[in-house]
């Protein structure tokens, strides 16, 4: 029987697959992520998700491989994971009191076909004080997250409004993924 392999070490993606009762194994993609000249954030996340999944699929061609990538954008500026605490603070100051977009791309690779898709979610932050930002960054939570915040953690208190898929902001649009997996004869809704 074919296995589902998650090409990611993200604990959040692992938790979401477990939440949906999707049986899977983890093989972390060691691919060097490269962003070419893409026209849109959706193209970027789908390309990065495909790069990750393709790298793992090379050695797992009999299985179904999932790759995913998430970025945050604000006024056409891409906000990935911060490289240090100062950059995290800058990102949070930029997002304070404003609406930004979160894009998560997913790639599903199997022998018979490859499917890519993305979800776009708008997130609005409350106005943040310098003290709130400093305290949050000192917690280290934002340092491994696109846009420097975790909506499922302490960063949740910054969110005033969300339009779209909450789980996509966490890192994996799980409801859409479950539906897309049906194309590969995987139906966890009847498990």
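Placement of Cβ uses the backbone N, Cα and C atoms for every residue, glycine included.
Noted in Swiss-Prot for the protein shown:
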{"type": "ACT_SITE", "residues": "69", "note": "active site, proton acceptor"}
{"type": "SITE", "residues": "12", "note": "site 'Important for substrate specificity'"}
{"type": "SITE", "residues": "70", "note": "site 'Important for substrate specificity'"}
{"type": "SITE", "residues": "152", "note": "site 'Important for substrate specificity'"}
Need the DSSP three-state call for residue 12 (site 'Important for substrate specificity') to compare against my parser.
helix
Write down the Cα-Cα distance for residue 12 (site 'Important for substrate specificity') and residue 152 (site 'Important for substrate specificity'), rounded and given in Å.
9
Counting only residues 6+ apart in the same chain, whose Cβ is under 8 Å from the Cβ of residue 70 (site 'Important for substrate specificity')?
45, 102, 103, 104, 105, 146, 168, 169, 171
Residue pair residue 12 (site 'Important for substrate specificity'), residue 69 (active site, proton acceptor) - Cα distance, angstrom, rounded:
12
So if I measure Cβ to Cβ from the residue listed as 'active site, proton acceptor' and keep only same-chain residues at least 6 apart in sequence, which ones fall under 8 Å?
33, 44, 45, 48, 49, 52, 104, 105
Sparsest Cβ surroundings (other CB atoms within 10 Å) among the recorded sites 12, 152:
152
